[in-house]
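Engineer: Sharing a structure below in structure tokens format, with a few things to ask.
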Amino acid sequence: MARPRVLSGIQPTADSFHLGNYLGAVRQWVTMQETHDAFYCVVDLHAITVPTEPAALRRRSRVAAAQLFAAGLDPERATVFVQSHVREHTELAWILICLTGMGEAGRMTQFKDKSAKFGESAASVGLFTYPILQAADILIYQADKVPVGADQKQHLELTRDLGQRFNHRYGDTFTLPEPYILKEVEKITDLQEPTAKMSKSSSSPAGILDVLEQPGPLRKKVMRAVTDTGTEVLFDEDNKPGISNLLRIQSALTGTPIPDLVARYAGQGYGTFKKDVAEAVVETFTPIRERAEKLLSNESELDRMLAVGAERAGAVARQTMEQVRDRVGFLPKF
Ligand code: AQP
């Protein structure tokens, strides 16, 4: 029987992924390549929905790809590619844009959050249509599952709605994908603002743990993470959001259930616990950083690996688009 297909993407919007990207997405991607027909992309078209410098985009796209391979994605087992290399994504996005209501697109909370930074009228139309391009990314591969963090739940619902609408209007064409969200790591929060999502673009440097960061700063940031004035290591999201976030992180990195961690650190205060969290982060990130640095030292080999991914992804996308063009009523090109 064919393996279920999985698709997910990550934006090249920073010089490193952070712990939230790693636990909420990338680590699942690596696990799922064993059991799924896996497609993962560096979504550079999404990155330009906010002003982006060309040299930074090029550099960050390679850095993103290098981190994916360094985290354990195997080009033999997973199709890893850059979104703009498969032009069909934008073609399908246009068709889906024509199926989306203005009110429907206007309800997307991520647009409201991100555009609040520049003021809604200064935000690009691309940022407004971002979730529709994301729907195209997913539907074009007929994905069954999409591993994401909690912030993407609403976009996944729109993807299903658009797929269903297309199928209803033009005939059965798209698989309707299910989100795959691991509850325990769906929202890793900012170390300085423990109720806000850890985020490439909105976290302060002290609030974010970058995969490519050196051990020294990583340790310092964990030790300085905001906690409450108490001393007990307890999981209590409402009253102890900082400690609860660190417990979630430590549990995910070491595979130890949270109640076991709480029992282990009883009566020891925050210091010992934070030190152990810092070590777990450093132990996880160091080999990834070293492998990523090696991959980045040979850009042409990295580009070649991405070309292989683009070729495989393009073959699937072209097949879907042939059917879509015909269903919509576009004339065949002879
Ligand atoms: N804090 C988080 N906890 C759990 N999962 C997270 N993800 C992001 N932040 C967290 C998941 O990482 C994947 C890739 O994210 P993205 O690059 O598409 O951008 P994003 O979700 O918008 O993440 P950022 O860090 O906030 O990036 P910017 O600042 O560029 O917008 C997604 O699956 C996401 O759920």
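Backbone N, Cα and C define each Cβ position, glycine as well.
Heads up, TrEMBL stuff is auto-annotated, nobody curated it.
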Engineer: Among the residue ranges 52-56, 162-166, 197-201, I'd like the one that TrEMBL describes as motif ''KMSKS' region'.
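Structural biologist: Among 52-56, 162-166, 197-201, the range TrEMBL annotates as motif ''KMSKS' region' is 197-201.
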Engineer: Check TrEMBL for me: it has Gln11, Pro12, Thr13, Gly20, Asn21, Gly149, Ala150, Asp151, Lys197, Met198, Ser199, Lys200, Ser201 binding ATP, so pick out which one of Ile138, Ile188 it puts in that same site.
Structural biologist: Ile188
Engineer: Can you check how the pLDDT averages out over the motif ''KMSKS' region' (197-201)?
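Structural biologist: For the motif ''KMSKS' region' (197-201), the model's average pLDDT rounds to 89.
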Engineer: Ligand 1: which of the binding-site residues Gln11, Asp137, Ala150 have a Cβ closer than 6 angstroms to it?
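Structural biologist: Passing the 6 Å Cβ check against ligand 1: Gln11.
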Engineer: Report the DSSP secondary-structure composition of the motif ''KMSKS' region' (197-201) as helix, strand and coil residue counts.
Structural biologist: 0 helix, 1 strand, 4 coil
Engineer: Which entry in the list of binding-site residues, Gln11, Thr13, Asn21, has its Cβ near the fewest other Cβ atoms, using 10 Å as the limit?
Structural biologist: Thr13
Engineer: Give the distance between the Cα atoms of Ile188 (ATP binding site) and Asp137 (L-tryptophan binding site), rounded to the nearest whole Å.
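Structural biologist: Cα-Cα, rounded: 25 Å.
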Engineer: Rounded to a whole angstrom, what is the C-alpha distance between Gln11 (ATP binding site) and Asp137 (L-tryptophan binding site)?
Structural biologist: 13
Engineer: Over all pairs in Gln11, Pro12, Thr13, Gly20, Asn21, Gly149, Ala150, Asp151, Ile188, Lys197, Met198, Ser199, Lys200, Ser201, the listed ATP binding residues, work out the largest Cα-Cα distance in Å.
Structural biologist: 19
